[in-house]
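Inspection log for the structure reproduced underneath, given as structure tokens.
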Amino acid sequence: MKNLLIHNGRLIDPASGIDGQFDIAVAGGKIAWIGDNQPPAGDYEVIDAAGQVVAPGFIDLHTHLRQPGFENKETIATGTRAAARGGFTTVCAMPNTSPAVDNRTVVDYVNCVAFGEAAVRVLQIGCVSKGRKGESLAEFGEMAAAGVIGFSDDGSSVPTSRLLKQAMEYAAGLGLPIIEHCEDASLADGGQVNEGIVATRLGLAGIPNAAEDAIVARDIALAKLTGARLHLCHISTRGAVDLIRQAKSDGVKVTAEVTPHHLTLTEELCLGYDTNAKVNPPLRTQTDIDALIEGLLDGAIDAIATDHAPHTANDKCCEFALAPFGISGLETALGSLLRLVHCGKLPLPLIIEKLTAAPARIIGKKHGVTGSLGVGDPADIVIFDPDAEWTVDPGKFASRGRNTPLAGERLKGKVTATICRGNTVYREGN
Ligand code: DOR
Ligand code: ZN
């Protein structure tokens, strides 16, 4: 591993309140020095970051790596290479694999593959219920001992309040959050897109905002009752943002994430029956987007996570109602989010905070992920050109999932290098 000197960039590290012209030296996989004068003596590979932003490596709280079981959609190797290209140095893998990650053996298996093949750090989320069936609790204690950062049946909500209460009591004892996909199954059943005018025009069943709001309200009530930590995935509705804001002011231990696609795309994208725009929760309306942005600004929404959900072309090449939900999101996250910066809706440092310090706080300290560039921190760094324009070409994705509704779109903002634990895991042009 070479020592690195990242020179001439605009350093933005929200955790330490830095936004300015500083150089960084990396040695032994750690941040060794930050300054604007002579670095400590040493033999450095110099990266010229003039005109670019240098920030802590992004942390994705919500990534589907699909291994074991769905290696045709993605593998730990391809998914983490996609992460590196997107500027992410840590991904939290969701457990809806086959077998599902509901016991220690599967956690160990994923860790083992990741150790040999992952380009970036892989943390794991274990299932809430055995086999994600929503019937009985998975092996919380042994999965916690194997290092999971929380528990989720993502893809569906925990179906009964009783099981969720029990899950929260165990999770609270282990100091870990319940990470919930918020969707009332009976309201969403058969739904393909957001319930409203677009669903009507397409002749498809809709998923109402209330499907999300109802579960958010239930989960908050149970978090209040049990004192457990609750993290809410991919929030997509105005109503949910209001409920979370209120719960926070009531002292409930709730955090929430939003995806780049729910922040930038509306339901109209489904009007051409593009199955690549079919995602769960569905793309909603501009009113919802405005509330999500407000939530990021006032802290109701803590973090941005991709919900990277790769599927094969075959999976998606079918009638809209038969296609699986999901967008391959790691490689377009930054460019999508910077649309909000370039049009003046969100400040760049806030977006970086939501991709670094905020998810690090949710994960907690014990995995060595700080989401910051403090001296002594692991050297997880992203370098990106906020003004570089490029055209989304899914054929060039490192991910096996080319399922994006952004194919052919121009995005402004491009990762040029990603460094994970001091290793350069992505460099533009390489
Ligand atoms: O769109 C989605 N795809 N939403 C989810 O909750 C699950 C995910 C998947 O696993 O494909
Ligand atoms: Zn989900």
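The backbone N, Cα and C atoms fix where each Cβ goes, glycine too.
The substrate site recorded in TrEMBL includes His64, Leu65, Arg66, Asn280, His311, Phe325, Gly326, and the single candidate from Asn37, Asn96 that the record places there is Asn96.
Residues Asp154, His181 are recorded by TrEMBL as Zn(2+) 2 binders, and the candidate that the same record lists for that site, out of His231, His234, is His234. Among Asp298, Asp302, Asp307, the residue that TrEMBL places alongside His62, His64, Asp154 at the Zn(2+) 1 binding site is Asp307. Per-class residue totals from DSSP over the domain 'Amidohydrolase 3' (345-426), listed helix then strand then coil: 21 helix, 27 strand, 34 coil. Under the DSSP three-state reduction, His62 (Zn(2+) 1 binding site) is assigned to strand. Counting every protein chain shown, the number of other Cβ atoms lying within 10 Å of the Cβ of His62 (Zn(2+) 1 binding site) is 27. Only His64, His181, Asn280, Phe325, Gly326 of the binding-site residues listed as His62, His64, His181, Asn280, Phe325, Gly326 bring a Cβ under 6 Å of any atom of ligand 1; the order follows the sequence. Classification of Asp307 (Zn(2+) 1 binding site) by DSSP places it in coil, neither helical nor stranded. Classification of Asp154 (Zn(2+) 1 binding site) by DSSP places it in coil, neither helical nor stranded. Cα-Cα distance from Gly326 (substrate binding site) to Asp307 (Zn(2+) 1 binding site): 8 Å (rounded to the nearest whole number).
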